[in-house]
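The next block holds one structure in the form of structure tokens; read it before the comments.
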């Protein structure tokens, strides 16, 4: 899922990357859930979705088993995911969606322009807290909370994708 082979030769209108700490919990969950939503919305051929972590501790590893279990319980399949670290192939993204404020700071520190970074929860108008807490050291319930936060952001993100694709069609 987080491979890089198609990025330089992409045909999709919009390239979105989800960013968390190690790319084994939050960002792969977001990538899988949003990919399914994009497909359901009929936009799958217009959007390239990837995820990465700011750190490289887990590169090449599958998603955390608790993340995979939570995805499966909600009808999603994250089995193909392999962790990757933020790099040049992610810099080209039209939008980098950070899972917490620390990732925003890290992306800014890596030279990504502010206008291409957004917090995931900013797509949820009912979200009070802006950060999606890291469930890694928590319990399976914490992974459920993360999935619910991602689910709540999906409608707003799909609206953004539709608007962005429409803007691209007008060019």
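Cβ atoms here come from the backbone N, Cα and C positions, even for glycine.
Annotation source TrEMBL lists active site, nucleophile at 20. Mapped onto three states, the DSSP output places residue 20 (active site, nucleophile) in strand.
Annotation comment: TrEMBL describes 26 as active site. Secondary structure at residue 26 (active site), taken from DSSP and collapsed to helix, strand or coil, is helix.
Sequence annotations record features per position, and here TrEMBL assigns active site, proton donor to 134. Classification of residue 134 (active site, proton donor) by DSSP places it in coil, neither helical nor stranded.
Under DSSP, the residues of the domain 'Phosphotyrosine protein phosphatase I' (14-160) split into helix, strand and coil as follows: 65 helix, 22 strand, 60 coil. Taken from TrEMBL, the feature domain 'Phosphotyrosine protein phosphatase I' applies to 14-160.
Over the domain 'Phosphotyrosine protein phosphatase I' (14-160), the average per-residue pLDDT in this prediction is 98.
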